[in-house]
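Chemist: The structure follows.
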Amino acid sequence: MLNIFCVAHCVKSVFLCQFQRRMKTLVVFDFDYTIVDDNSDTWVIRSTPEQTLPDWLKKSYERGRWTEYMARVLTYIGDQSVQPGHMRAVMESIPFTDGMIELLTFISENKKDIDCIIISDSNSVFIDWVLHASGLKSAIDDVFTNPASIDARGYVNVRCFHAHDCQQCPVNLCKRRVLHDFREKQAQADVHYERICYIGDGGNDFCPVRELKEGDIAMPRKGFTLEKLLCKAISEDSEALHAKIMPWASGNEILRELTALIE
């Protein structure tokens, strides 16, 4: 009889613990023109002797194939004898968007309530350099971006993140698929999110935002492509998007919203 009572008590305790467990918020950031206030792929050109690219290289870009173009750009930069240390110093000088330091600091101090990832069409070397320089890498739980490395010559090499069949996204990265796969992996580890806050600016952020559910929040940067695409989608079909839309101009606006959500 005592054993039955103990088992029942344990089951009840586990149930209450699970019931009382606070589900976390998942914050998803783009990187360029979101966390930082410029494009990291074009910012790196400042490390070249002329701080510009030759016309033949600029003209080699093919629509939707930016990462392959950047691979050629980085090879060209290496050919100019630009050392990784100089390139890193240039990348560390890229400005953060207003309020983002405060926002990332808040996230790093509230990890019990917030998981935070970056999904970006930049590359892993650039993002790692910038986050290390800021001292706020602890705010970010994972980064999904084009993998990059520095070879024996000191050249930065970059590769496409993945292959996919989404017709709306660049050939190297579908952010909707990345977000979906991340949530699936977390769910297998019994990590579920009360809501997703997606923060971005560009056209490639539109695909994942369309997949957000009621209770989630889409945060497009004011005046940028994502906000315009969302406005157009809503004007054509008022029920096309399920998430709350909250445009922002400063990370401090996002900070106030996030603070209210987890209180």
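Including glycine, each Cβ sits where the backbone N, Cα and C put it.
Unlike curated entries, TrEMBL annotations are predicted automatically.
So TrEMBL lists the following for this protein:
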BINDING   ASP30, ASP32, ASP201  Mg(2+) binding site
ACT_SITE  ASP30  active site, nucleophile
ACT_SITE  ASP32  active site, nucleophile
BINDING   ASP41, ASP121  substrate binding site
Chemist: Give the sequence-ordered set of same-chain residues, not counting ASP30, ASP32, ASP201, with Cβ within 8 Å of the centre of the Cβ atoms defining the Mg(2+) site.
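Modeler: Other same-chain residues near the Mg(2+) site: PHE31, TYR33, THR34, ILE35, SER120, GLY200, GLY202, ASP205, ARG221, PHE224.
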Chemist: Using Cα coordinates, what distance in whole Å links ASP201 (Mg(2+) binding site) and ASP121 (substrate binding site)?
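Modeler: Pair distance, Cα basis, whole Å: 12 Å.
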Chemist: Determine, to the nearest whole angstrom, how far the Cα atom of ASP30 (Mg(2+) binding site) is from the Cα atom of ASP121 (substrate binding site).
Modeler: 8
Chemist: Inside 10 Å of the Cβ of ASP201 (Mg(2+) binding site), count up the other Cβ atoms and send me the figure.
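Modeler: I get 22 for this one.
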Chemist: Measure from the CA atom of ASP32 (Mg(2+) binding site) to the CA atom of ASP121 (substrate binding site) and give the result in Å, rounded to a whole number.
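Modeler: Counting only the Cα atoms, the answer is 8 Å.
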Chemist: How many Å separate the Cα atoms of ASP41 (substrate binding site) and ASP32 (Mg(2+) binding site)?
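Modeler: Their Cα atoms are separated by 9 Å.
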Chemist: In the structure shown, which of the binding-site residues ASP30, ASP32, ASP41, ASP121 has the fewest Cβ neighbours within 10 Å?
Modeler: ASP41
